[in-house]
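Single-structure report; data block below.
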Amino acid sequence: MKLKDLLYKVELIEIIGNVDSEILSVEFDSRKIQKGTLFVAQSGTQVDGHDFIQKSIESGAITIVCERKPEEINPNVTYVVVANSSIALGIIASNLYDNPTEKLKLIGITGTNGKTTTSTLTYNLLESLGYATVLISTIRILVHGNEYPSSHTTPNILTLNKIFSEAVQKGCEFAVMEVSSHGIHQNRIAGLHFQIGVFSNITHDHLDYHKTFAEYIKAKKKFFDELPKSALALTNLDDKNGVVMLQNSAAKRYSYALKTDADFKAKILENQFDGMLLLLDGKEFWTPLIGQFNAYNLLAVYSIAILLGIDQEEVLTHLSKLKNVDGRFQTFKSQGGIVAIIDYAHTPDALENVLNTIQNIRTRNEKLITIVGCGGDRDRTKRPEMGKMAARMSELAIFTSDNPRSEDPEEILKEVEAGVEPQFYNRTLKITDRKEAIKTAYKMAEKGDIILIAGKGHETYQEIKGVKHHFDDLETAQELSNQLNK
Ligand SMILES: CC(=O)N[C@H]1[C@@H](OP(=O)(O)OP(=O)(O)OC[C@H]2O[C@@H](n3ccc(=O)[nH]c3=O)[C@H](O)[C@@H]2O)O[C@H](CO)[C@@H](O)[C@@H]1O[C@H](C)C(=O)N[C@@H](C)C(=O)N[C@H](CCC(=O)O)C(=O)O
Ligand SMILES: Nc1ncnc2c1ncn2[C@@H]1O[C@H](COP(=O)(O)OP(=O)(O)OP(=O)(O)O)[C@@H](O)[C@H]1O
Ligand SMILES: N[C@H](CCC[C@H](N)C(=O)O)C(=O)O
Ligand SMILES: [Mg+2]
């Protein structure tokens, strides 16, 4: 594509050189440059891409998009100076792939918890209704059933446009994606054309990155601030920040809630281990999904479908057939009658929600054993909070490793244990090896007891010092319960 076509709608400060050159590829990483590449230099959390401009030219870059021109100008290279490189990259990426999101109805879901669940359920609903759809999620990327590798909750903007463009070619009509706060803050969604923006909730997470809760809220709010007038914005009014999120949005506003008046409402009539009976927008509705948080997720999915103009009866019929998302309150009953619950709760709020859900359903004639840990190189302030919740709300809490990454697992666990209230000290154990922790839980459990294995959900690895070792909570629970005849 010609450089001038790629730069259409990019806010330019200065151009040095020829804009008629033919660009063969676009990259933001100097290590991936080939001949004829346009390199976008952007500053990051570790290094500044501007420091790699020279290297990228040596590797074949013929155009540099940057915020500051280098001191030395190469006469064979075109320099495009912009105010913000990552926003420019978003617009260039859209142009490169012929603006695919203008041809799709794109739904973006943001919030601390519930993004994967809500986006996956929305994808499953739309597909079951017969609409070809794209899903971009933490667990998987699906283009009308075809799976692509997924490494981030919100991939980079080049990958996103590439996938959306393939989706358009395959005839997809809808796209649903998770929008993470990192993604918003780093402009990984710049230039995308959203039809609906959804806010689920905001609680404690990622303060290592955003520093303060106010900055974290600001990052999420930016998504709604930037939605166009033609878009719809849907918020959860039961969340303290549900109103604030949309207050500066030009989009048409809608709301959902369980506890207050809203455009879309639901009420839990029955909540059991095998499902829930809901009153959804005035209609009784049975779902195999469990727990209040899933009532929110289902209500959000229902609202999205209605806002997309799909018939209510059809939506309810297909919605009631949707099953749990992998690793989200996934239950496994062993031959000895012990119930394991595998859940991705990795924030204090999610852990509290899951424990509350279990408390509301259990008979209390049984023990609840919670196995939990906290990730390394992630928000450390979550650790004592999660330790406190697990010990307070279970008969036994076993603290164990959850992707220690570059950190010492023992040190992470000390920070988790530090949150335990003194009256509950005798309810906790520390078993650093996750498999040993699960084994101990099964050894101590009897028929009818519940083991909550939290934090890793669908993950199939344990990341230690840069190496991902195979580890799967569900698989391990199945294997050990069998081995122990439990
Ligand atoms: C903290 C963070 O989000 N980092 C992301 C960010 O990297 P960065 O800003 O650190 O990049 P950097 O290394 O400083 O480099 C700056 C620039 O120089 C370029 N560079 C760098 C080196 C070089 O030799 N040449 C070169 O050109 C880089 O390509 C980049 O453009 O931009 C990269 C490219 O898009 C991401 O891969 C990377 O994700 C890292 C791996 C990551 O772990 N991110 C997590 C925290 C994340 O994004 N998580 C959220 C979900 C969180 C949640 O809600 O639970 C997600 O959306 O997945
Ligand atoms: N609507 C919700 N409100 C609060 N907690 C929820 C909600 N939905 C799910 N959870 C809890 O949070 C965990 C993570 O859910 P999910 O993966 O859907 O969230 P996410 O926002 O995609 O997370 P991530 O940011 O890590 O991608 C679940 O395992 C469950 O414990
Ligand atoms: N998207 C989240 C997932 C955390 C999952 C937990 N298992 C961990 O590794 O901390 C993150 O990267 O912070
Ligand atoms: Mg997710």
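Using N, Cα and C of the backbone, Cβ positions are placed for all residues, glycine too.
If you check TrEMBL, you get these features:
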- 25-93: domain 'Mur ligase N-terminal catalytic' (DOMAIN)
- 109-303: domain 'Mur ligase central' (DOMAIN)
- G111, T112, N113, G114, K115, T116, T117: ATP binding site (BINDING)
- K220: N6-carboxylysine (MOD_RES)
- 327-457: domain 'Mur ligase C-terminal' (DOMAIN)
- R378, D402, N403, P404, R405, G455, E459: meso-2,6-diaminopimelate binding site (BINDING)
- 402-405: motif 'Meso-diaminopimelate recognition motif' (MOTIF)
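Sequence features, as recorded in TrEMBL, placed on the structure.
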| residue | record | DSSP class |
| --- | --- | --- |
| G111 | ATP binding site | coil |
| D402 | meso-2,6-diaminopimelate binding site | coil |
| G455 | meso-2,6-diaminopimelate binding site | coil |
- Message: I'd like to know the mean pLDDT over the motif 'Meso-diaminopimelate recognition motif' (402-405).
- Response: 98
- Taking the center of the Cβ atoms of G111, T112, N113, G114, K115, T116, T117 at the recorded ATP site, which other residues in this chain have a Cβ no more than 8 Å from that point? I109, T118, E178, S200, N201, N297
- Note on the structure: Among N403, P404, R405, G455, i.e. the binding-site residues, the one with its Cα nearest that of K115 (ATP binding site) is G455
- Item | Contacting binding-site residues, sequence order - N113, T116, T117, E459 vs ligand 2, Cβ under 6 Å | N113, T116, T117
- What is the one among the binding-site residues K115, R405 whose Cβ has the most other Cβ atoms less than or equal to 10 Å away? K115
- Most Cβ neighbours inside 10 Å, all chains, among the recorded positions K220, R378: K220
- With DSSP helix as H/G/I and strand as E/B, how many residues of the domain 'Mur ligase N-terminal catalytic' (25-93) fall in helix, strand and coil? 22 helix, 20 strand, 27 coil
- Item | Spatial separation of G455 (meso-2,6-diaminopimelate binding site) from N113 (ATP binding site) - C-alpha basis, Å | 12
- Message: Can you go through the binding-site residues T112, R378, N403 and pick out those with a C-beta less than 6 angstroms from ligand 3?
- Response: R378, N403
- Query: Whose Cβ lies within 8 Å of the mean position of the Cβ atoms of R378, D402, N403, P404, R405, G455, E459, the meso-2,6-diaminopimelate site, other than those residues?
  - Reply: H346, G373, C374, G375, G376, S401, K456, Q462, E463
- Inter-residue C-alpha distance, T116 (ATP binding site) and G455 (meso-2,6-diaminopimelate binding site) (nearest angstrom): 14
- Message: For the meso-2,6-diaminopimelate binding site, please report the maximum Cα-Cα distance among R378, D402, N403, P404, R405, G455, E459 in Å.
- Response: 16
- Message: Just to be sure I understand the contacts, which binding-site residues have a Cβ under 6 angstroms from any atom of ligand 4? Candidates are G111, T112, G114, K115, T116, G455.
- Response: K115, T116
- Can you tell which of the binding-site residues R378, D402, N403, P404 lies nearest to G111 (ATP binding site) in space, using Cα positions? R378
- Taking all protein chains shown into account, the Cβ-based neighbour count within 10 Å for N403 (meso-2,6-diaminopimelate binding site) is 24
- E459 (meso-2,6-diaminopimelate binding site) versus T117 (ATP binding site) - Cα distance in angstrom: 15
